[in-house]
Amino acid sequence: MSEQVVPIDVSQPKQRQPLLRRRYALEVRQQMAWYWQALILAAALAVGLAISALILIAAGVPGGELLNEFVIMTVFDAQSLQAVLFQASPMILVGLAGCMAFRARFWNLGLDGQMIWGAIGATAIVLFEVGPPALRLPLMLLTAAVCGALWALTPIVLKLRLQVSEIISTLMLNYLASYFLLHLLYGSWKDPRDSFPYSPPFQSFERLPEFFHGYSAGIPLAVVIAVFALWLIGFSRAGLYLRFVDANPKVADAVGVPLRKTILATVLLSGAMAGIAGFVITSGQEGRLTQSFYQGYGFSGILIAFLARNNPIAALVVALLIATLFVAGRSLQVFYQIPFSMVQLIQAILVICVASSDFFIRHRLRRVQGGES
Amino acid sequence: MDLIASWLGNTPDFAVPFALAALGLIITERAGVLSLGAEGLMLVGALAGIGAQLAYGSAELSLLIAMLSASVVSILFAIMVVLLRINQVIAGLSLVFFCQGLTGLLGTLWGWTNRPVSGMSSISLWPLSELPLIGKVFVQNPVVYLTPLIFLAVVWFLTRSGTGLRLRAVGENPQAADSVGIPVLWYRVAAILAGAALIGLAGGYLSVLSTKLWIADMTGGRGWIAIALVIFARWYPWRALMGALLFGCVEALIPQLAAAGIRLPQYFILMTPYAVTLGVMIWVAASKRAGGEQPGALGIPFVREERR
């Protein structure tokens with residue numbers, strides 16, 4: 001880029017320049033070695049975690065307990081580790097959903113809504129007793145995926161056809177989905193036994209089984225889908241097409257890449273993954289449809305995709321970390337009466353720090369010599 | 001008849017938060033900054049307003065504090081988009097999540113949740129308030145009467161004052177504005193802070209004067225609806241005011257329908273503001289005119305001497 005800093009106004013060298021530009025010039029960096037990038041990213045995460053730790057201490061958690069609570073209790077305790085992995089499976093799925101959508105340059109803020117519809121679809125299979133018991137689980141999974149994808153259909157079609165901003169449309173659809181969920185749970189799907197606003201409990205063959213002592217089958221499911229996403233993005237033809245969306249849509253059109261179809265399919269896939277996440281929570285964790293099972297996941301999915309730079313394997317790792325945060329957040333809630341909003345705040349701080357660190361990767365500050373102006 | 005009268009009477013109260021938030025967004029976006037953080041800033045205003053009201057008991061002061069605190073939080077956004085040039089969508093979204101987390105946390109920790117406050121007493125404009133049917137429209141709290149005046153002031157500022165002209169120039173073509181010596185970045189920072197103050201006022205109005213209590217996430221998407229309103233209004237303040245009245249009508253209708261005993265599924269009625277927003281977005285997109293009135297540099301960070 002521009003190596004030389006051209007003075008703006010030659011005739012009036014004494015004119016006051018804005019503060020930030022007085023002695024330094026910002027330049028766009030062409031590229032940066034990967035280890036520097038990794039170092040900056042790590043520094044950003046460290047800053048974010050430090051700020052979060054300060055907030056936690058200010059909120060009343062004894063400073064010495066933090067390490068204990070977040071690291072030792074969650075990773076080295078078998079029961080907590082189970083909880084983390086349990087929590088990780090829907091987290092990985094929403095993270096992958098975020099990755100897919102962002103690959104297609106689609107701001108899918110509707111992960112919540114798609115999760116709700118996935119869960120509703122799976123629960124409908126249970127309540128209407130579709131199919132024999134042996135086929136019940138696969139059928140629930142399939143329906144959840146289809147329902148999630150269908151809920152993503154409206155915003156992507158509106159975007160492709162009319163250029164309606166998906167940021168607003170997906171969010172509005174979230175509100176519609178959540179009210180529809182309440183309509184069902186306070187209405188015809190209410191548990192007839194105690195009239196609480198949740199569906200009747202699923203039977204044992206409608207619940208996700210364990211694949212290993214105490215570890216839910218949601219984990220291998222999420223990993224399989226992550227590998228599929230990796231293949232799709234990294235090695236398939238669709239993945240090649242998707243790179244055009246990022247690089248240059250006009251050239252893609254010119255050389256005959258079916259860009260719109262690829263974007264449509266990718267976004268539907270994103271919706272399907274979010275739908276499956278809804279299924280994993282209802283069938284695996286709660287065992288029934290509840291009214292707030294989806295809360296916090298939509299944002300986490302976006303965060304995971306952002307932190308993982310839309311890479312499915314990185315998303316696995318980040319999702320595991322966020323799941324740890326969720327589990328630790330719940331125990332903070334129990335032991336120190338810290339509201340769960342803390343988890344959202346910490347996630348937001350991490351995003352802000354990492355997003356800010358991008359600045360240092362993409363720019364450099366150069367001292368302008370005194371003689372130049 | 002009574003029903004229609006009270007519906008019309010409630011409309012301004014519901015419209016004011018939309019109107020003020022949309023106006024704040026227009027100021028920010030006219031300077032070329034895509035501001036998706038409205039939902040979060042409204043929450044900050046709402047929480048700060050309630051906190052001040054509980055502490056000092058003065059509604060005027062609480063609204064001022066609501067404006068101030070939203071502006072203070074928006075400094076974070078200004079640093080992100082103006083100084084660090086983060087993608088404005090990411091910056092806006094993370095601001096919303098940050099504010100949601102922060103207000104949820106503080107509201108619970110400081111015990112401000114669900115504590116009712118008194119608000120402001122309403123003023124009736126005497127001869128008008130006695131009119132049949134529309135009389136109740138003229139019995140409102142002072143901020144409702146203030147809102148059109150704020151609009152008038154902002155419209156005058158944007159279209160008639162030199163500073164407003166420069167602000168719009170910064171949003172249309174920052175390179176050209178820069179070349180005539182306008183400090184683009186400072187104008188953008190000022191626009192973000194000023195816009196945030198109005199959005200904070202909208203939030204404070206919502207908690208202190210309208211619902212008169214604080215609940216976590218009480219804005220319920222109104223910030224997002226305001227963003228849709230600005231697109232609908234094509235960045236013109238008066239059209240935004242009309243749109244806000246439309247949404248005020250829709251929201252005011254919800255309690256009326258319940259009161260009238262009309263047997264409609266409750267949750268479908270609660271969906272209407274969001275469904276209407278979606279409909280408005282589609283309508284705007286379908287009837288899009290060539291070019292559009294969107295500020296030319298909306299969402300594009302300004303970097304002097306950078307070639308793209």
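Count begins at 1; order follows the chain as displayed.
Heads up, the Cβ atoms here are built off N, Cα and C, so glycines get one too.
What TrEMBL annotates here:
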- A:33-61: transmembrane segment (TRANSMEM)
- A:81-102: transmembrane segment (TRANSMEM)
- A:114-131: transmembrane segment (TRANSMEM)
- A:137-158: transmembrane segment (TRANSMEM)
- A:170-189: transmembrane segment (TRANSMEM)
- A:217-242: transmembrane segment (TRANSMEM)
- A:263-281: transmembrane segment (TRANSMEM)
- A:293-308: transmembrane segment (TRANSMEM)
- A:315-336: transmembrane segment (TRANSMEM)
- A:342-361: transmembrane segment (TRANSMEM)
Region pair the transmembrane segment (A:263-281) / the transmembrane segment (A:137-158), three or more CB pairs under 8 Å: yes
Sequence-remote partners of the transmembrane segment (A:33-61) [C-beta within less than 8 Å, at least six residues beyond its ends]: 69, 332, 336-338, 342, 345-346, 349-350, 352-354, 356-357, 360-361
Mark yes when the transmembrane segment (A:293-308) and the transmembrane segment (A:342-361) have three or more Cβ pairs under 8 Å (sequence separation 6 or more) and no when they do not. yes
When only pairs 6 or more apart in sequence are counted, do the transmembrane segment (A:315-336) and the transmembrane segment (A:81-102) reach 3 or more Cβ pairs under 8 Å? yes
Restricting to CB pairs under 8 Å, which listed stretch, A:81-102, A:114-131, A:170-189, is in contact most with the transmembrane segment (A:293-308)? A:81-102
How about the transmembrane segment (A:217-242) and the transmembrane segment (A:81-102): do they have 3 or more C-beta pairs under 8 A, pairs 6 or more apart in sequence? yes
Under 8 Å Cβ-Cβ from the transmembrane segment (A:170-189), and at least six residues away from its ends along the same chain, one finds 107-110, 112-114, 116-117, 119-120, 123, 127, 151-152, 154-155, 197-199, 289-291, 294, 298
